[in-house]
């Protein structure tokens, strides 16, 4: 992906002190003789990352869709996350093709909108999963009810409507194709649009941080109550609780490590920022879509059973599934 300005500019703004216009659209040759830009090493890396992300999440989507037992609210949320990450992976691959194989700036613009939608939906789905985990512990007695299913559909609708809104904005109007000085670090997204996306991320991250803190308090309180009822040694429930809290810390830490660098850079950078910095911060963000299937799907024992059945060419209809809470996902 070319991160400069002009017709061949795809995502990144380039330059060191001034906007780099590599090709003047008025002087650009037309027809079959038009030369396509050559991909750089990091363009290829992003394309490969997109391919891996697509394969992983396509497997998760296929498992959830093809297994009737996976119709619980928690799997609907995990499925939404997998669809969003699958869309992000496909967007990265198709964006590479649009820039270096087809050379279509219109298609490139649409795909940037698709990527904005996909990544926003991915982050929103993570928030929905966190909310579901919290409610499953806070309202454990009433969690398995029709209200939970309705709430899940409402959360998914809000996530995807909001993501579509933020993704369609640059495609329909709010972009910097006609005014490069208003560009942010990701062409053709304007600086103001990137600021809005960054604010949305920090709001989501803050809510997730607060919810995970509440989850840790609930888990510690439940562990103490169970230990008292079963007359367990304090050390035994302390080890189990510490393990659970460590898992939550890893989940939240991975999310922050993947997205914080790019989000902060979107706020601090502008059209004159070196494109390499955008690649270096965007790549970890794509890795979040790569590790989400591992954290939220492949760790689940029921999903593992289906995977083993697929590998052994066995039917999944006879697999004994057990009821699990969202905190297990």
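All positions are counted from 1 along the displayed chain.
Even glycines carry a Cβ here, placed using N, Cα and C.
Within the listed segments 11-31, 74-94, Swiss-Prot records transmembrane segment for the stretch 74-94. Per Swiss-Prot, the range carrying the annotation transmembrane segment out of 215-235, 278-298 is 278-298.
If you check Swiss-Prot, you'll see residue 42 and residue 299 are listed on opposite sides of the membrane. Range annotated as transmembrane segment by Swiss-Prot, chosen from 133-153, 154-174: 154-174.
Other Cβ atoms within 10 Å of the Cβ of residue 312 (S-palmitoyl cysteine) number 8 in total over all chains. Against the transmembrane segment (248-268), the recorded stretches 44-64, 74-94, 193-213, 278-298 differ in Cβ pairs under 8 Å, and the greatest number is found for 278-298. Within the topological domain 'Cytoplasmic' (130-153), the DSSP-based counts of helix, strand and coil residues read 17 helix, 0 strand, 7 coil. Following the DSSP three-state reduction, the secondary structure of residue 312 (S-palmitoyl cysteine) is coil.
Taking Cβ pairs closer than 8 Å, the transmembrane segment (278-298) reaches residues 3, 11-13, 42, 45-46, 49-50, 52-53, 56-57, 59-60, 63, 78, 81-82, 84-85, 88-89, 92, 119, 122, 126, 129, 185-186, 251, 254-255, 257-259, 261-262, 264-265, 269, 304, 307, 329 in its own chain, all 6 or more past its ends.
Counting Cβ pairs closer than 8 Å to the transmembrane segment (154-174), the top stretch among 44-64, 74-94, 109-129, 193-213 is 109-129.
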